[in-house]
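**Student:** Sharing a structure with you now.
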Amino acid sequence: MSGVLNDVRDYTEGYLQVLWQNRLYVYSTAAVLIGVWFTVNMLFKKKKMVHPVSPLASKSVKKQEPASEAKKVIYVSGVKVFYGSQTGTAKGFAKELAEDVIAQGIQCEVIDMKDFDPEDRLAEECTSKIICVFLVATYTDGQPTESAEWFCKWLEEASTDFRYGKTYLKGMRYAVFGLGNSVYVGHFNTVSKSIDKWLWMLSAARIMTRGEGDCNVVKSRHGSVQADFQVWKGKFLNRLQALAKGEKKACSGNCKKASCKNKKKHKEEAEDNHSLAEKNNSEEELMESSSDEESSSEDEKSHGSVIDMEDLGNVMNHMKKAKQRMEEDEEDSQRVKQNGERKSECEEERREMITPALRDSLTKQGYKLIGSHSGVKLRRWTKSMLRGRGGCYKHTFYGIESHRCMETTPSLACANKCVFCWRHHTNPVGTEWRWKMDPAEKIIQEAMENHRNMIRQFRGVPGVRPERFEEGLTVKHCALSLVGEPIMYPEINSFLKLLHQQNISSFLVTNAQFPEEIRSLVPVTQLYVSVDASTKDSLKKIDRPLFKDFWQRFLDSLRALGEKQQRTVYRLTLVKAWNVDELKAYADLIALGQPDFIEVKGVTYCGESSASSLTMANVPWHEEVIYFVQQLANLLPDYEIACEHEHSNCLLLANHKFKVDGEWWTWIDYERFQELIQQYEESGGTKNFSAMDYMAKTPSWAVFGAGERGFDPTDTRFQRKNKTKDISGC
């Protein structure tokens, strides 16, 4: 037995010794066999991936269709539209979008950001299969509106807070549309850009490119913010339909002949192009691309992403081509930008200032619009004086016949967005004239025709005095203070000359942001400058000017006013708790421009508006206005309170030069002014004249301290039984 075991052991040792001596050949054979097996396996796997579905398999799929239909997959369960609005535009867009989404058979909810707590509820949208839409406006200094302030604050902090993590909103799908004005350079649509960025940083998936609405019709891609939204809304609804059907992102058009036969391959190309964009573009530009590819690519990689050497070579080629295309596109864009500046300038100037939406809004407010940038409106005091119920404060201070005063403007655009704007910021804004321009002759002719037509509507109205009705058909005064900034109109001097040629006096109001235009202005009957605050900070807070150098422009405008020889006026609007505690600063500004008169008026409450935080609490009592003016007069040795109009909550400070032999001469001799301006024009501007040359005596009832308190005794005081607020202005 032991011998047999020895033989077996000897045989085994001999066999192993042979193998050891020939181990190199054994290893080589094994390596070849393994390589052949691996290659065959990979080839079989590749063929299986591209192999068409067999008829038998298709039959089995058809048999399973009823079961899949019974258990239908829901890709989009609904839409939530979040809005952050100040003037109501974003809110209106949100409601409009919701109606269109519901019309597609998809549930939709509109949510005001101020009523939504993102800390407790936003993460729920990651698993709800709901599409979140954010319609947000950019407010003062690039800040969010009051309603969106907390939402933005929380989202910004969460995007950089390690406790939330970078995947806090992973699974959430969203789209963003911003409302802004490109006139505010450096702050255009910053809120929408920030929200888009913060959501992306928390791994939320963008379903489409961020939309930007521009209130500046000159720069708006489609002519108005409403048109911008309509275009974006159409794209969103199409994208929503595709998502609801479970479709992936459509072909980008970069593939050959735009046919995506090999979807996987083209998606890889899109990812490669996207990665190149990430490397070459800034983070802000990255925000512009859709993140759909990112989410879909992750799904594909989870199924296995084995790439052989041939595919890797193709990918590298695609990356090189994509980089070349990007460089070429960048060069083309630079050439277009350089060569198209003059062309775009011309095209922008041809755009009309009044958009269809603005036209509808102003028409509802009672404006009679003229051409593409002008308007006329019947003043409240015009109607009052036609009935013999008293005139406006200009009648008390300067002798204007209110029923013969046409209130108009050749420019509905303004360079400020004042918090107390009695038009609730419905007018456009701008820092220079970039719109289509109508001739001055057309504006004046149509303004007078519209004014007369509005006067004619009072024929036969109870209480209207026949003699005043006939007088009202002939315009004697023109108040260029309706809305906007009339001095922006490039042909303002021609406009004023045409008024004077028709014996119409001119009262022009400017917001003190155009000093050069003030200097080059031809003589007017009376030139006003609005002085709404006395310090840089308070002026920025109240007027919200567009110019970055607004304070220097403001001071230069006051200096330019001081160079005028005709009648000049500072107009101060008192807003309680905003600008009533700056007496010394006001006195310094008055010394700078040395106006002939200073009007001090309590702010008029124009009703509740989302565009302003002012309430009735900000309206000073008349006694408070009197006290302010008395305190201001104590700081001004050359001025004294001359007139009062209690109904308008307004007082007039006048320079002592208009007090002759103890009596005030604040009224205007309008016939004498027309003679002087005619002589000035005939002499080519050499025969100048001053405010003292056409002053007239102020009646006793208009003087401060009189029992009438500024009410003309020839009229009858009328007290409304139903005291509704009038927002028609002065």
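Note: Cβ is positioned from N, Cα and C throughout, glycine not excepted.
Given the structure is predicted, the values throughout are model-derived calculations rather than measurements.
I grabbed these lines from Swiss-Prot:
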- 85-89, 176-208: FMN binding site (BINDING)
- C414, C418, C421: [4Fe-4S] cluster binding site (BINDING)
- 267-282: compositional bias 'Basic and acidic residues' (COMPBIAS)
- 283-297: compositional bias 'Acidic residues' (COMPBIAS)
- 333-351: compositional bias 'Basic and acidic residues' (COMPBIAS)
- 79-237: domain 'Flavodoxin-like' (DOMAIN)
- 253-351: region 'Disordered' (REGION)
**Student:** Quick one: average pLDDT across the domain 'Flavodoxin-like' (79-237), no decimals.
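**Tutor:** Its mean pLDDT is 92.
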**Student:** Whole-number Å only: compute the distance from the Cα of C414 ([4Fe-4S] cluster binding site) to the Cα of M201 (FMN binding site).
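**Tutor:** Approximately 38 Å lies between the Cα of C414 ([4Fe-4S] cluster binding site) and that of M201 (FMN binding site).
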**Student:** How big is the Cα-to-Cα gap, in Å, between R206 (FMN binding site) and C418 ([4Fe-4S] cluster binding site)?
**Tutor:** 36
**Student:** Going by DSSP, give the three-state secondary structure for D196 (FMN binding site).
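**Tutor:** For D196 (FMN binding site) - judged by DSSP and reduced to three states - the answer is helix.
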**Student:** Would you identify the secondary structure of V176 (FMN binding site) according to DSSP, in three states?
**Tutor:** strand
**Student:** Which one of the binding-site residues (D196, R206) has its C-beta surrounded by the most other C-beta atoms within 10 angstroms?
**Tutor:** D196
**Student:** Sort out for me which one of V176, V191, M201, C414, C418 has the most neighbouring CB atoms within 10 A, since those are the binding-site residues we care about.
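**Tutor:** Within the set of binding-site residues, the most crowded position is V176.
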**Student:** Between C418 ([4Fe-4S] cluster binding site) and S85 (FMN binding site), find the distance joining the two CA atoms and give it rounded to the nearest Å.
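**Tutor:** Distance between the two Cα atoms comes out at 17 Å.
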**Student:** Is it possible to get the count of other C-beta atoms within 10 angstroms of the C-beta of G186 (FMN binding site)?
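**Tutor:** Around the Cβ of G186 (FMN binding site), 8 other Cβ atoms lie within 10 Å.
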**Student:** Just jot down the residues in the same chain as N181 (FMN binding site), at least 6 apart in sequence, with C-beta under 8 A of its C-beta; none if empty.
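**Tutor:** Once residues fewer than 6 apart are set aside, N181 (FMN binding site) is near T138, F188, D214, C215, N216, V429.
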**Student:** Within 10 Å of the Cβ of S85 (FMN binding site), how many other Cβ atoms can be counted across all chains shown?
**Tutor:** 25
**Student:** Per DSSP, to which secondary structure element type does M201 (FMN binding site) belong, with helix, strand and coil as the options?
**Tutor:** helix
